[in-house]
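Trainee: Sending over a structure as structure tokens; questions will come in a sec.
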Amino acid sequence: MSNATNNTLGSLLPQLEAAANSNSLYGGMVPNLRFNITMIVIWGILLTIHVVQLLMRQYWFSIAFICTGILEVLGFIGRTWSHSNVADMDAFLLNMICLTIAPVFTMGGIYYQLAKLIEVYGHRFSLLPSPMAYSFIFICSDIVSLVVQAVGGGLCGVAVTDGTSTTTGNHVFIAGLAIQVASMAIFLMLWFHFLFRIYISVRWEHINSRPISLSLLKISQTEVDYLYREKFHFLRLEPKRWVFHYFNLAMTVAVLTIFTRCCYRLAELVVGWDGYLITHEWYFIILDALMMAIATVTLTIFHPGFAFKGRSTSIPITPGHVDPETLPHTDDVEDILDTSDSKQFDIEKEEFQASMKYPISTFKQFMSKIANLFSSKKKAKL
């Protein structure tokens, strides 16, 4: 009986110590060591896989997910570190900032895929003036969100170090998350509009009627494929290409899980640093860690490189509401099945360099700010 009591007290000791510590940054909660180490391993594996998947030449998507993987690993290292010292500001900031902004890069990779899907199905399904407008608008929005969140996190860190109020930093951080959530909500509306157009509207067009009936499901994708862009029919119709057939579903799952996670983070900060959500880790495990893991595993299996035949097919993003090959007095933009591997590489390289210029620069600046923040705090201690 005595041994059982001692074991129980021993298991509760970290929680009792944290609750008694007035400097605790988690409101008395101690991050679970086993769970956070497990997440470091899982994200390490996912990060390695996405490095290998760079070979599929979906550069934007893979680099975006690599950035996410790095931030998730760093964030869970911070939570593991916090297990032994819940009052350590460096560990808390590493956890809070990295895990909070990681989805910005995930969504950056996802936004670009909608532009590619519009190219595959046809420009007429785009609600915006150009497929690239989706990427440009939402990636710019994410960059703004990232910068605002980084500034808010930095202000909170400095305030705690100086022993002053974190109210301003917290409000800035919340504003950054609110921008991200609002941007994702608008993207979700545009995403479901696109799905409605390619799955419902084309069937109405095919039967020249607009019934609201389950009978529409009896019309196969093969029957309505003639209403899509002819140039990429080989991507859509090959029967064994299950990765492409379920790619839109995978994208939907990923976006909804990340959106759920971002709403949770926003609510967590609104409630406060010592509120109910941040002091009960199960909310974090289910609504943050699990949501991000589901999204990333889903798009690791249904990788755009597999869906779009990234090693042999180029899908350049072109402007306008009309498919380029249908315009009068114009030649095809390019042969999409190019036998020249070097030409294919050059095309993808140019697209990648153009699209990655600002996000990569922002990511470097952000990581530099984190390093400087930790460095200045350590100097202040000395």
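Backbone N, Cα and C atoms are what each Cβ position is placed from, and that goes for glycine too.
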Trainee: Are ASN170 and SER312 on the same side of the membrane in Swiss-Prot?
Mentor: no
Trainee: Taking the transmembrane segment (172-192) as the reference, which of 35-55, 91-111, 282-302 gives the largest number of Cβ pairs under 8 angstroms?
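Mentor: Between the stretches 35-55, 91-111, 282-302, 91-111 has the largest tally.
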Trainee: Using DSSP, how many residues in the topological domain 'Cytoplasmic' (112-135) fall into helix, strand and coil?
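Mentor: Split into helix, strand and coil, the topological domain 'Cytoplasmic' (112-135) gives 18 helix, 0 strand, 6 coil.
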Trainee: Take the transmembrane segment (242-262) and find every residue of the same chain, 6 or more past its ends, with a Cβ under 8 Å from one of its Cβ atoms.
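Mentor: Tertiary neighbours of the transmembrane segment (242-262) are 103, 106-107, 110, 113-114, 117, 177, 180-181, 184-185, 187-188, 191, 195, 221, 235-236, 287-288, 291-292, 294-296, 298-299, 301-304, 306-308.
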